[in-house]
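Annotation source TrEMBL lists domain 'P-type ATPase N-terminal' at A:43-100. Summarising the annotation, TrEMBL assigns transmembrane segment to A:73-91, A:291-314, A:340-359, A:901-921, A:951-973, A:985-1007, A:1019-1043, A:1049-1074. Among the features that TrEMBL reports, domain 'P-type ATPase A' is placed at A:133-194. According to TrEMBL, the ATP binding site annotation covers A:Asp405, A:Lys406, A:Thr407, A:Glu497, A:Phe539, A:Lys563, A:Arg594, A:Thr674, A:Gly675, A:Asp676, A:Arg784, A:Lys790, A:Asn814, A:Asp815. Annotation comment: TrEMBL describes A:Asp405 as active site, 4-aspartylphosphate intermediate. Per TrEMBL, domain 'P-type ATPase C-terminal' is recorded for A:837-1089.
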Amino acid sequence: TDRRTFCLFLVPCPALQCVGEENCVDSRTVYISHKEPPPGTEAFIQQRFPDNRIVSSKYTFWNFIPKNMFEQFRRVANFYFLVIFLVQLIIDTPTSPITSGLPLFFVITVTAIKQGYEDWLRHKADNTINQCPVHVVQHGRKVREQSHKLRVGDVVLVEENEIFPCDLILLSSSRDDGTCFVTTASLDGESSHKTYYAVQDTKAYKTEEEVSSIHATIECEQPQPDLYKFVGRINIYMNNEPVARYCPNFNWPVIVLPSAVAIYTGMETKMALNYQSKSQKRSAVEKSMNAYLVVYLCILISKAIINTALKYLWQADPNRDEPWYNERTEAERQRAFTDFLAFMVLFNYIIPVSMYVTVEMQKFLGSYFIMWDDEMFDEELQEGAVVNTSDLNEELGQVEYVFTDKTGTLTENNMEFIECCVDGHVMPGSDSIDMIDTSPGPGARVSLASEREELFFRALCLCHTVQVKEEETVDGIKHGIHQGKSSSFYISSSPDEVALVEGMKRLGFTYLRQKDGHMEIINRDDEVERFEVLEVLTFDSVRRRMSIIVRSNTGSELYLFCKGADSSIFPRVISGKVDQVKARVEHNAVEGLRTLCVAYRPLSPEQYQQVSHLLSGAKLALQDRDKQLAEAYDRIERDLILLGATAVEDRLQEKAADTIESLHKAGMKVWVLTGDKMETAAATCYASKLFRRSTQILELTTKRTEEQSLHDVLFDLSRTVLRHYGGMTRDASLSDDCTDFGLIIDGATLSSVMRPNQQGSSSGNYKELFLDICRNCSAVLCCRMAPLQKAQIVKMIKASEEHPITLAIGDGANDVSMILEAHVGIGIMGKEGRQAVRNSDYAIPKFKHLKKMLLVHGHYYYIRVSELVQYFFYKNVVFIFPQFLYQFFCGFSQQPLYDTAYLTLYNISFTSLPILLYSLIEQHINTDILKKDPSLYKDIAKNSLLRWPSFIYWTVLGVYDAIVMFFGAYFLFDNTTFTSNGQMFGNWTFGTLVFTVLVFTVTFKLALDTHYWTWINHFVIWGSLLFFVVFSLLWGGIIWPFLNYQRMYYVFMQMLSSGPAWLSIILLITACLLPDVVKKVIWRALWPTTTERIQVGSDLNGQI
Amino acid sequence: MMASSYKDEDGHISVSGTGAGAGSLPSKKPENTAFKQQRLPAWQPVLTAGTVLPAFFIIGLIFIPIGIGLYVTSNNIKEFEIDYTGLDPSSPCFNCSQNFSWNSTKPCTCSIPFYLEQPYESNVFMYYGLSNFYQNHRRYVKSRDDSQLNGNEESLRKPSKECEPYARHDNRPIAPCGAIANSMFNDTLELFYSDPNGTKTQIPLTATGIAWWTDKHVKFRNPGGNNDNLTAAFQGTTKPINWRRPAYELDSDPENNGFINEDFIVWMRTAALPTFRKLYRIIQRRNTMVPTLPRGNYTLEVVYNYPVRSFDGRKRMIFSTISWMGGKNPFLGIAYITVGSVCFLLGVILLFIHHKYDNRNNNPDISSN
């Protein structure tokens, strides 16, 4: 049980960079145990490598404040407020610097505390890693060291179940054959145990003394992020003679075991390099927000300009400028041209300082509701939804195109062996096995075709990368399907292979294990057969096949077994019952089964010599090793004899069809992008209701383009589609019963469609034409796609003229590119590793959770954020516009209408909490209804709540409210008293009256918009009004000793002691709210949206 | 966000635990609380024509009577106004307004006769009004030192720089400092009633109770506390440039002198708008049987000190009676009637809409359920 568990911590790394010029060489040379090579061997360049310290934190104790400040002030909004603050400090402005300084300080502090806390957590995590103990072999002794002190070239001793401290090369293992088993779950998510081999020439060095006697250097590349690539060469000096050996092209440059040598350390480990900071995605809402901000900035500037101009006009009369009662000081006379800035300062509150903070808090806190959702929790995986970026919550409510992977996303990626076809004879794989055994017919057939058949079974038993796990403990991460039944089960990174080996077991051939370079299988007669593994030609997605070369122990014949996709096997086959197998493969593909073909080639010893020569030549190459290997494989895997084909079923995920149907109803277009072949993929699409029976399928495949030119096919299709839609009225096209179109396109055709300007100008239009067709299809299936093509498609749709919002969902590493490309990337916690999850913006356990994610969470967040944004602009217009109007009555002197405390606290305390809370818990419609009726999603499509008309409506409403408030107060104050003792009120009472109406109106407006009143809403809304009143009473109730003015003293209370003030407050609030209520009610009655209809409906139901 | 990446790492740690890991791990299943699952019990109101209708009618029914009440009250208030600026050559104060000089030692007086057509019952409030006077100008509003006015000795000697350029004069601190204090209204208005038989009697004017109680007793305080000798307390300061008398000589009554002089306090409460009035005197009602100001001929005697011509200002004197809702202001009543009627009207329109459309909209839902 030499199982080693490997786990490294993912470390963010800004970018791969050369540290200093001298290090920028193509390769590095590592001296094992820091022993220099014998003199005269090679020019010796001492390279400096970083230590093994992992740094994921951004700040240190010393640079936190300057660095954090710098980063925060790089944001436009913060910088703007800093400038305003500085202007206030420098020139004589109407409001004290506190009014903008305090909110800014608040905002900056909150952000800094949050970031500081996060960085502290990172420091803690870093320290845990950096200080974890590592055993290093020094001078033949085992020494304990802290992980971060590890240097490149150190020989590391890793015990069982330990975590690798850095990237290592395996020198030897406690096992005689120099193997060790490694889990790479934290890197690529594959939890299977991979076998790694020690360097052949060092595997004999076992004890510490022996290991430290190794005298060798390793030449290898500079660190690079590709997990699956490592090219290096080890030079071992025996008696000072270099013996060149190749270092096998490890999947993973990493080793284990008693002794291994550190290759890449610290920030140069593959893991660190792989944590690339993703490019920032911005949501449509954020873009609207920024556009509005620009509008408001323009409004602000024009307000300031208008007032400045009017001020100079007004001041032209010196008696107005400086009447005898109000003269300037000398200093003030000399100061000129500050008026514009002063007006800017006076009106600057129109740009909502706290909006960004509130939006950020809303997103951050709001994302917890996604993580907390127990409907999106998967019992089996013990995982719920993961939010990697909370910036995109609202974008989930805007999705128009969904690009989904098939395997593992739509389907379970849980393979079941269904049947195999040997030489044209079909053998069912599972349930009917007993029948086969008992019936004489097949039995007879078995004996007839036994040679071929057994070869077929042997091929499947041998040609794979499955490992046997002999353990009874149920490991949460195993891939075996075979729970409990036996003490061993199969694990592999490819579920197909497990299914095949399992299937073979049921058909009588059991793969036992791999031992000492031999694979052991038990045949039908319960005899153990041993095959020596000579070469493994590993699987890759370009070749789409793998091969193995074995020598039978009994007959010492040499075989090459090859297994792969039909398209990659058939062209290489020279004999066998190709037609029958092909027919069966096609039949199975239509059924939605995954098919693989199996072929073999007997090798003579001479041929093997040749093969082995080819391979070792390619493997030793330091340059273009991959290319040379591919060429070698190509030359080896030919002249095959077809044995048969297998069929494996990949069942649809639970509720996948229901989910797709809901997405369709919600107006989203669902595209399936898969690497599978067309027939299989199409079958899955039918099963998942992506295509219905009524769907008219348009094909754009290589098969068709072979017959007609691409040009003709495209025009044909577009004519079909356009004729269909052209012939109908707009309304009819919305109804359900009209036939919809489904398009199938394959990778090859797609690339020719996308190819730019191949034959002059005409082909440039293909893309447009293709997009036209796609736009009119409700479902599109793209098969035979390379990972990069997936991203290309997403990019193409993104760039089309409507700029739709795209979502990509997938579970495998091949989906990462499209996940990164799409507006929203969703990862499924599937069986193909965690790459997709790691690169996604959101991750969910199962495809079915997408429904709730989009229809419920996405919808809510969109509603919430859009209200948040509109409301913020609204409340600041209402806030500032009266100040603007007041300038016309105070001689454009920049006299603020409200007291400093009100100016400062309006945004940060009087009106901040209700909207934040609204944006966290508002539910305009119940969750269940949203799920039941996906068409509600269409109501918010295309950023409908943040389009210019609604923005203008809110702004106009704000201006109206401001006018009502200001002139209401104006006429009330107009040259009369409104107290019963004849005393007069001054300008601060005027401002306080407006401000009181303002705070109440703005809060009530939000209350009217709230559809979901929990106790928290009541608490916060009434609480914040109460806070305003209490604060005002307090603020005016005391002569504040630290203030140099007491202008608010008793102003609020005096105002409340007057009956007409109360009456006018009530009147003005009513008058402000009236138009909005009327508008809402009339619109709802005359032009109700679906949402509104449902709201009323559910309301009535509730009453009944 | 970053927080979730820790989660990630935690996740790995747990994955790296081998063997019997899964079973012993605490379930990561989120808590099934109403808050976390967004299922808090809630009241879910929807604004529809049906629900809003009653509110509109109620608002209409409440607002219209209030409005009528306010309007009637406002109309019952008697108000009388005299503009005594003296811009017109025929005006008695024409000479005073033309010959104004800051340096003149001899006060210019003028008397304006007028006739009250209605008797004024109960207390009558006498205001002076100024137009085109920007008491709300920023430079003006801030030009005061509240700490000095609160009796702070230090501020008395060293006025705040906000008071500039009215902080010091002749190297002595001005008390009270600032533009507001400096420009205090200093016309003297006196009222005489001419009996039908020709005798002129002066009507007594009360000069207290015109400022806010809190201002007079808390916010404004003379330096030196309750020291009787105000002159000593103001020692070392100088009067505001435009004042004819120092602060400690504003009134003979020690309770109305210095900073707690109510005329001064009233002036120091800066008006919101450039046309404003300030309470000057109260004519107390003495006898329930006799109107406070009976119908007849009166004379307003003005000591004309305050220049307004330079900035096109106007000076007025106003008599007004006061109701519970203050002075004459039809605005509030009209606004209430308007808003109330609009609500009522909208209520009718919504009623119509409700019957015509809401039922139609609801029908499919109800039938489908």
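For all residues, glycine too, the Cβ spot is worked out from N, Cα and C.
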Top partner of the transmembrane segment (A:985-1007) among A:291-314, A:340-359, A:951-973, A:1019-1043, A:1049-1074 - counted as Cβ pairs under 8 Å: A:1049-1074
Chain B contacts among the binding-site residues A:Thr407, A:Arg594, A:Gly675, A:Asn814 (Cβ under 8 Å): none
For the transmembrane segment (A:73-91), distant same-chain residues with Cβ under 8 A (at least six beyond the ends): 97, 99-101, 103-104, 107-108, 293, 335, 338, 341-342, 344-345, 348, 351, 353, 355-356
Which listed residue (A:Thr407, A:Asn814) has most other Cβ within 10 Å, given these are binding-site residues: A:Thr407
Within-chain partners of the transmembrane segment (A:1019-1043) [C-beta distance under 8 Å, separation at least 6 from its ends]: 899, 901, 905, 909-911, 913-914, 917, 992, 996, 999-1000, 1003, 1006-1007, 1010, 1049-1053
Span of A:Asp405, A:Lys406, A:Thr407, A:Glu497, A:Phe539, A:Lys563, A:Arg594, A:Thr674, A:Gly675, A:Asp676, A:Arg784, A:Lys790, A:Asn814, A:Asp815 around ATP - largest C-alpha separation, Å: 26
For the domain 'P-type ATPase N-terminal' (A:43-100), the number of residues DSSP places in helix, strand and coil: 29 helix, 0 strand, 29 coil
Sequence-distant neighbours of A:Asp405 (ATP binding site) in its chain (C-beta under 8 A, six or more apart): A:Val672, A:Leu673, A:Thr674, A:Lys790, A:Ile809, A:Gly810, A:Asp811, A:Gly812, A:Asn814, A:Asp815, A:Ile828
A:Arg784 (ATP binding site) CB neighbourhood, other CB atoms within 10 A: 21
Secondary structure at A:Asp405 (ATP binding site), reduced by DSSP to three states: strand
Cβ neighbours within the same chain of A:Phe539 (ATP binding site) - under 8 Å, at least six residues apart: A:Thr465, A:Ser494, A:Arg545, A:Met546, A:Gly564
Average pLDDT across the domain 'P-type ATPase C-terminal' (A:837-1089), rounded to a whole number: 92
